[in-house]
Amino acid sequence: MVKKTVKKAAKTAAKKAVKKAVKYVYSFGAGKAEGNGKMKELLGGKGANLAEMAGQLKLPVPPGFTITTEVCTYYWNNKRTYPKTLKADVEANLKKIERETKKQFGSEKNPLLVSVRSGARASMPGMMETILNIGLTEKTIPGMIAKTGDARFVYDAYRRLIMMYSDVVMEKAAGIEPKDGEGIRKILDGMLEELKNKLGVSDDTHIPAEELQKLCVQFKATVKKVLKKDFPDDPMEQLWGAIGAVFASWNGKRAIAYRNIENIPHDWGTAVNVQTMVFGNMGDTSATGVAFTRNPGTGDSHFYGEYLINAQGEDVVAGIRTPSPMNKWSANAHSKHLPTLEKVMPKVYKELDAIQKKLEKHFHDMLDIEFTIEDQKLWMLQCRVGKRNGTAAVQMALDMVKERLISKEEAVLRVTPTQLGELLLPAIDPKAEAGVKPIAQGLPAGPGGAAGKIVFNSLDAIKLQEAGQNAILVREETNPEDIEGMRAAAGILTQRGGMTSHAALVARGWGKCCIVGCGELEINLNAKTVKMGGKTFKEGDELTLNGTKGYVYEGALKMLAAGEGNKNLAAFLALCDKVRTMKVRANADTEEDAIKARKFGAEGIGLFRIEHMFYGKNSDKPLFILRKMILSGSEEERKAAVEELFPYMKKEIKATMKAMAGFGVTVRLMDPPLHEFVPTLPEKQAELAKALGITMDVFKDRAASLHEVNPMMGHRGIRLGVTYPEITTMQSRAIFESAAELIKEGVKAQPEVMIPLTCDVNEIISQKKLIRAAYDEVVAKTKVKKLNFSVGTMIEIPRAAVLAYEVAQETDFFSFGTNDLTQMTFGFSRDDIGSFLPEYLKQGILEADPFQTLDQRGVGMLIEHAVAEGRDAKPNLKVGICGEHGGDPESVEFCHREGFTYVSCSAFRVPIARLAAAQAAAKDVLAKKRK
Ligand code: PEP
Ligand code: MG
């Protein structure tokens with residue numbers, strides 16, 4: 001009984017399946033379409049939008065059909081064959097076009113010609129193939145000439161078909177890989193050029209019909225000779241050849257490489273669009289063009305584009321003739337003398353202008369349009385969301401909100417963090433960069449561009465800066481003694497180090513261009529030379545760095561001015577602030593950085609690294625005292641040094657808190673890797689030994705005793721406060737006295753004390769006693785009222801994350817130190833990944849450098865656990881992040897999802913974080929609206 005029922009059900013299902021055979025072809029045109037704009041996965045971007053333009057918007061789209069991406073998948077999964085039903089489907093759809101156009105494919109009297117174009121889900125400009133004029137054969141040519149009365153036009157179309165088809169179908173899709181410059185297209189191009197020279201004409205349109213006819217004969221003979229095959233003279237053979245070539249081109253080298261760069265999945269497949277040909281090359285009443293509904297370079301809201309009279313689409317892109325401007329807003333230095341379409345064909349221009357307005361209203365975005373005018377009749381061939389640069393993206397987003405075309409949530413999603421970054425950094429002029437090859441490559445540690453003269457030490461970098469010149473500081477690696485030189489240099493290039501190495505961290509904090517881990521550098525400090533790319537460079541030679549990509553170039557390339565003056569930046573960021581729910585703070589260690597951070601919109605400091613006061617400007621004296629403290633021989637000596645340090649520390653903290661008035665300042669207790677502070681220069685060592693009253697031998701013994709096998713896991717962070725409580729007490733006093741004095745001066749100071757590198761709640765309990773005692777002492781001494789403070793900890797050791805429930809009971813906030821948390825979760829040293837991480841990435845063992853992009857699966861799981869447990873213990877626990885990931889957009893989105901109170905990042909990244917936080921919130925709002 002059961003068996004029978006199952007059988008019956010199976011039969012019905014099979015019947016249904018037969019009835020509902022998979023639909024592989026979707027037609028469009030003449031005010032109707034089987035698909036629509038939402039069907040990008042199936043029809044590709046181009047096919048979906050053609051359907052939308054034809055079916056929904058009733059725009060003049062030449063009739064055609066789209067073969068779905070599923071056929072591409074089938075083709076590659078089934079040894080380059082098609083589904084059984086495809087042939088009949090294509091033929092039926094071709095018939096449909098024939099009915100609509102009243103032309104027949106292959107007809108001798110009234111032939112229909114079609115184009116075949118690829119169209120994946122995401123646009124892959126220039127990566128895949130297009131073939132025009134399919135259907136022209138010995139038989140159909142006379143019919144076309146009779147119909148159009150224009151032999152020149154027909155032979156021009158035919159020579160284009162031979163060129164495209166032999167190149168795309170007969171050579172590339174057949175897997176023939178000619179040497180560079182010896183491909184069939186190049187050969188045929190050469191013949192065309194030769195003919196033009198012979199005839200003394202510069203423009204293709206001036207070649208007479210009979211010459212073109214002869215050229216077509218020669219073309220076909222050459223194709224036969226080179227590719228050992230006849231050029232097909234059967235329209236159906238041409239059509240299927242072209243369709244197959246588009247599918248084949250999905251896995252062509254160019255397309256694969258492009259997908260790898262753009263992160264487009266390889267299994268998406270492309271659709272194929274077959275469409276009635278319309279001709280822009282039918283004389284002076286015809287034209288073809290590419291336009292944007294707004295200027296993609298500036299964001300200016302006027303219709304913008306170029307066109308060519310008497311030409312086919314490829315001519316505009318190929319740059320053979322200088323295209324003319326659409327209107328006065330589109331004219332440039334090369335085209336301003338040429339007549340605009342608005343003047344030449346006012347009626348068509350008006351129609352096109354109305355269409356572009358309609359398209360923007362419909363798609364709510366700037367669109368990139370391709371069109372053809374055939375004898376004064378306008379046809380729309382494509383529309384897609386247009387690519388744009390950072391300046392334009394920001395301008396458009398703001399304008400479209402004003403125009404009520406999009407919501408503020410949509411607007412913040414219209415600008416990528418990379419585009420916003422373009423507005424913030426000095427950069428190499430892309431035109432200058434396009435023409436040259438890099439001579440070396442390292443890790444892109446600090447984005448932007450820098451050009452300048454090579455120097456090999458900090459002093460020389462400072463000297464150059466003082467002389468008003470740009471320096472590129474080339475070092476094996478950098479250490480705290482290089483700081484001033486790093487600040488003075490326009491760019492930094494190091495041989496060793498990873499993305500969170502000292503140089504990288506500092507450079508990013510300053511928004512300075514920096515490349516680290518450029519392993520191939522051979523530096524000779526004695527000769528003051530560096531070898532790379534097979535060449536030796538001397539001090540004073542010029543280099544250009546692209547810190548965004550990690551490329552080093554010879555010579556000084558042209559730079560674009562930093563986008564600081566962009567008039568829209570502030571307005572756009574204000575819009576982001578309206579949308580975001582998470583706060584954005586800065587990692588800042590000086591008054592100067594705090595002021596900068598406020599300018600960039602930081603709402604407080606999430607990490608003030610006290611030990612950074614021992615680097616850089618005016619650090620000589622405090623650094624000297626710190627060194628005395630580190631190298632002291634007794635408790636007494638150390639306590640004296642600690643007291644000596646107090647006024648310096650207080651001064652720095654107070655100035656920074658003042659600059660951040662009204663906002664919280666998280667001061668982290670010292671976390672110095674002690675060995676980094678032992679001087680390496682002999683004269684500095686001697687000076688210190690003298691101050692300590694010890695011999696050089698004793699000095700060396702003490703320095704050696706500080707040596708640790710694994711300093712990153714050694715005597716640092718809270719461990720220093722546990723072994724030397726006076727250090728915690730002094731810092732706490734410095735924090736509270738600064739705050740108390742500011743409050744008395746009427747400045748709103750909000751100190752937050754942060755304990756680093758915690759692994760157990762008992763460490764916090766021990767330090768909190770010291771902090772509280774210092775607070776009580778300061779309040780008693782200063783009699784200040786309303787001095788509030790909070791105590792929190794960094795979560796940067798996995799054990800603290802695991803035991804977050806206990807830790808939260810003793811803290812007011814958690815700040816995830818994801819640099820150390822990543823280091824300790826992976827067991828990867830943050831300073832030594834250069835020797836193995838590139839191989840991990842190359843082999844695909846890891847997808848990304850976890851020090852750059854937060855490892856959401858592993859480290860993220862610890863964070864998720866810690867937030868949940870922490871808030872369980874203390875529902876109002878403040879949660880933030882202050883590791884380098886705090887400025888990484890993907891990581892910011894993760895923090896938003898996990899309910900963080902704030903992210904904190906270097907001052908220069910604050911705008912990016914404001915955008916990323918807004919985008920995360922906007923996605924929430926839009927997803928809710930969709931439900
Ligand atoms: C961290 O570990 O993420 C952090 C912010 O601290 P530091 O980089 O100073 O170790
Ligand atoms: Mg840390």
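Using the three backbone atoms N, Cα and C, a Cβ is placed for every residue, glycine included.
Among residues of the same chain six or more beyond the domain 'Pyruvate phosphate dikinase AMP/ATP-binding' (41-79), those with a C-beta under 8 A of the stretch's C-beta atoms are 22-35, 86, 90, 93-94, 96-97, 100-101, 114, 117-123, 243-244, 247, 250-251, 267-278, 355, 358-359, 362, 377-384. If you look up TrEMBL, you'll see 41-79 (among others) marked as domain 'Pyruvate phosphate dikinase AMP/ATP-binding'.
The annotation domain 'Pyruvate phosphate dikinase AMP/ATP-binding' is assigned in TrEMBL to 85-403 (among others).
For 469-550, the entry in TrEMBL reads domain 'PEP-utilising enzyme mobile'.
Summarising the annotation, TrEMBL assigns active site, tele-phosphohistidine intermediate to His502.
Taken from TrEMBL, the feature domain 'PEP-utilising enzyme C-terminal' applies to 567-920.
If you look up TrEMBL, you'll see Arg609, Arg668, Glu796, Gly817, Thr818, Asn819, Asp820 marked as substrate binding site. Around Gly817 (substrate binding site), the C-beta neighbours below 8 angstroms that are at least 6 residues distant in the chain are Pro756, Leu757, Met794, Ile795, Glu796, Cys882, Gly883. DSSP assigns Gly817 (substrate binding site) to coil in the three-state reduction, outside any helix or strand.
Look at Glu796 (substrate binding site): DSSP puts it in coil. Summarising the annotation, TrEMBL assigns Mg(2+) binding site to Glu796, Asp820.
Positions annotated as active site, proton donor by TrEMBL: Cys882.
Neighbour counts of Cβ atoms within 10 Å were compared across the binding-site residues Arg609, Arg668; the minimum falls on Arg609. What surrounds the substrate site, by Cβ distance within 8 Å of the Cβ centroid and not counting Arg609, Arg668, Glu796, Gly817, Thr818, Asn819, Asp820, is the set Leu607, Asp671, Pro756, Leu757, Met794, Ser815, Phe816, Leu821, Cys882, Gly883 from the same chain. In this structure, Asn819 are the recorded positions from Arg609, Arg668, Thr818, Asn819, Cys882 whose C-beta falls under 6 Å of some atom of ligand 2. In sequence order, Met712, Leu757, Met794, Glu796, Ile797, Arg830, Gly883 are the residues near Asp820 (substrate binding site), counting only same-chain partners six or more apart with C-beta under 8 A. Taking H, G and I as helix, E and B as strand and the rest as coil, DSSP gives the domain 'Pyruvate phosphate dikinase AMP/ATP-binding' (41-79) the counts 25 helix, 4 strand, 10 coil. A mean pLDDT of 90 is what the model gives for the domain 'Pyruvate phosphate dikinase AMP/ATP-binding' (85-403). Checking the binding-site residues Arg668, Asn819, Asp820 for a CB within less than 6 Å of any atom of ligand 1 leaves Asn819, Asp820, listed in sequence order. Taken residue by residue with DSSP, Cys882 (active site, proton donor) is part of neither helix nor strand, so it is coil. Around the Cβ of Glu796 (substrate binding site), the number of neighbouring Cβ atoms within 10 Å comes to 26. By a simple count of nearby Cβ atoms, those within 10 Å, the most crowded of the binding-site residues Thr818, Asn819 is Thr818.
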